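Colleague: A single structure is presented below for examination.
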Amino acid sequence: VSVQRLRPDGTQLVRSADRSSTVKLRLLSDSAQGTAVSMVTTVLNLPHLTRRLGTAKQPVVSNVIQATLYSGGERLDAASSGQPAAEVLLLIPHSRISGQLRQCVHLLPPPSQTAAAASSPPEFLSPSGCRVAVELSSPTVTACLCRHLSSFAVTVLPGTAWLGVETHRLWRLHSEPLRILTWICLSVSIVCLLLTSITYIVVRMQTPMADKSIATLHRVHRSLCLALMLGQALFLAAFQPLDATPIAACKLLSVLTLYALLCAFCWLLCEGLMYTHSLVIVLPRVDSAFAKVKFWHYCLASGVAPLLIVLPTAALRPEQLIQTEADASADSGGLLRPSVCWLSGDHGVSFAFIGPAMAVCLVNLCLFAVIMRRLAGTRSDAADAVGGSAATSASLRLSYLSRQMKVTATLACLLGLTWLLGLMFLFAETHLFIVAQYLFTLLNGLQGCFIFATQVCAHKRVREDWEKFLIDGRRTPGSLRRLLEQRRNARLSAPGSGSTPANKAQQGRLRQPLLPPQGQQQQQLYLPYEGDARYLVDK
């Protein structure tokens, strides 16, 4: 038995004599303000009692720990309003539990005479109001977080498998490498997204065949980069907050991060719709309907739609806007502390992001399959239209295959298909969970790098426009200008560059549109050759 006076802030930490059991309590009731409140804790090592309380289906594997509050010589069980008087965190030791499901339970009051006379056996234990704090649990200790005071114990469910403790043990081992990897990936991604945004602002894609749809698509690219860059920057500040970060600031940061990431997913959906419209949809009515959609329509939808999710979530579940973890330290004034300024899994609040994100990814996955099928169907038609020798046809097919692989990589990152790896977290445990964490961090943390690589580095037209912009720039250093001019002259004078009459004639032949059979809707479909590959990638 241990008796301790509560601190002025209404908390107290008590450890047993052998320091195996720990009880930390925080007072919630205002009725005891201004009076001395003491906590009485008792550890009952009574094997006969524990065997009698447990059953074959739910045996008790720990001692019974009692926690009681006294104020002014009277027992303080609940506030006058009927709300709990205190919440308590218990670290209860027990024999080693390999992988069975655990429960934190409390003892029920003695049954009445009527209930005792009933044929069904009385219930002595109940898990209501208690949950297991996995982050502080181990194979020999179970952390219980309860919203009331009573006599507590730990039970197991034989024949069940619970891998939560092992998963959290592995998570604690890999948390620091994952944290460093997250910082590196997101930092590099933010820089790449910034460079991509500058590219779309500075470099104007002006060609004789350019139309409004390509200009709109480039604006959508730029908006996606800006939204994704903002979301990743906010997540960097949110996923590991400082110890001195106020709860209100952490909640605000969580709301802003949620809004920015949902805006990014709306832009991903706009990318999928525009690519599908450009490559697949050729129906006159649908095409005319898409032609009426302006860029500001996409902006309005991507800015308003996330508010329909963020505002109700923040209003209905403000306490679940951040993730907390149990805190058993003696110097803290509470039982929980913010661990991540991001949505908690309690009451399904995390699905405010998971639901829309997975819905957008699944829709884009279907659109991706339709687009790739459409592109694959044009390969044989393109080869037949060009004609020529077998070697020329094989070379064209090889060139088409390489460009189709580039289109696949481009669409995969622009449609956000890598976010579908998040579905693994719904069932992954232990080592599979850790592998999924590394894959998710690498692929989605470097999404900005993939966009920069496919839209800037691997884009021949963008590289040429950057080259022209730097050569014509007044502030470009002379050495850099001379180097770029030498590269441009060497490229133009190289064989097969398109500067000779034969190459120009061949390119003109390949640029001829493929006309469908008579009676079908005519659509210009250009072959992925040299400069025309830009339209296949862009559209």
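In case you wondered, yes, glycine gets a Cβ from its N, Cα and C as well.
Just so you know, TrEMBL annotations are computer predictions that nobody has curated.
The annotation domain 'G-protein coupled receptors family 2 profile 2' is assigned in TrEMBL to 178-459. If you look up TrEMBL, you'll see 180-203, 224-242, 258-283, 295-315, 349-371, 407-428, 434-453 marked as transmembrane segment.
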Colleague: Counting only CB pairs under 8 A, let me know which of 180-203, 295-315, 349-371, 407-428, 434-453 has the most with the transmembrane segment (224-242).
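Modeller: So the stretch in question is 180-203.
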Colleague: Based on Cβ pairs under 8 Å, which of the stretches 258-283, 295-315, 407-428, 434-453 lies most in contact with the transmembrane segment (349-371)?
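Modeller: Between the stretches 258-283, 295-315, 407-428, 434-453, 258-283 has the largest tally.
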Colleague: Need a quick answer: max count of Cβ pairs under 8 Å to the transmembrane segment (434-453), which of 180-203, 258-283, 295-315, 407-428 is it?
Modeller: 180-203
Colleague: Would you mind listing the long-range same-chain contacts of the transmembrane segment (407-428), meaning Cβ under 8 Å and 6+ residues beyond its ends?
Modeller: 221, 224, 265, 268, 271-272, 275, 354, 357-358, 360-362, 364-365, 367-368, 371-372, 375, 435-436, 439-440, 443-444, 447, 450-451, 454-455, 536-537
Colleague: Hey, which bits of the same chain come close to the transmembrane segment (295-315), Cβ under 8 Å, at least six residues off its ends?
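Modeller: Counting only partners 6 or more residues beyond its ends, the transmembrane segment (295-315) has Cβ contacts under 8 Å with 216, 219-220, 223, 227, 251, 255, 258-259, 262-263, 266-267, 270, 321, 343, 349, 352, 356.
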Colleague: For the domain 'G-protein coupled receptors family 2 profile 2' (178-459), what's the model's average pLDDT?
Modeller: 81
